[in-house]
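In what follows, a structure is listed as structure tokens, so that the remarks can point back to it.
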Amino acid sequence: MQASARLAGAGLLLAFLGALGCAGRAPGLSMAEGDTLISVDYEVFGRVQGVFFRKYTQAEGKKLGLVGWVQNTDQGTVQGQLQGPISKVRHMQEWLETRGSPKSHIDKANFNNEKVILKLDYSDFQIIK
């Protein structure tokens, strides 16, 4: 097999795995792959309402240059959507899982519907009331 054919095949595999969300945390990703735009939905469980969690989430998202939204749910969780470069979204996912607002206590964070996107659906990071 020619080197160019192998490289093309590897590129297709990376694109496919990226679309499935499998390659996002793999070590050794190049900067170009880290700039792929992704969208992911999230829900955070624990003491995350009444502790300025949405405000801190919006501020952290904006600091990272992400777009999307965050809102409280009737079940006492916080949910939302993140969009931006994969490297920045990964950083925000870690923040949602481990840090949050100073007075919050995070039990767990779920991430769903991760997909590669060609363009951002939002222009800012919004708090939905």
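Cβ coordinates come from backbone N, Cα and C, glycine included.
Values in this document were obtained by computation on a predicted structure and should not be read as measured data.
Lifted from TrEMBL, the feature list:
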type	residues	note
ACT_SITE	Arg54	active site
ACT_SITE	Asn72	active site
DOMAIN	39-129	domain 'Acylphosphatase-like'
SIGNAL	1-23	signal peptide
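Taking each Cβ in turn and tallying the other Cβ atoms within 10 Å, the top scorer among the active-site residues Arg54, Asn72 is Arg54. The two recorded residues, Arg54 (active site) and Asn72 (active site), have Cα atoms 8 Å apart. Applying DSSP to the domain 'Acylphosphatase-like' (39-129) sorts its residues as follows: 25 helix, 39 strand, 27 coil.
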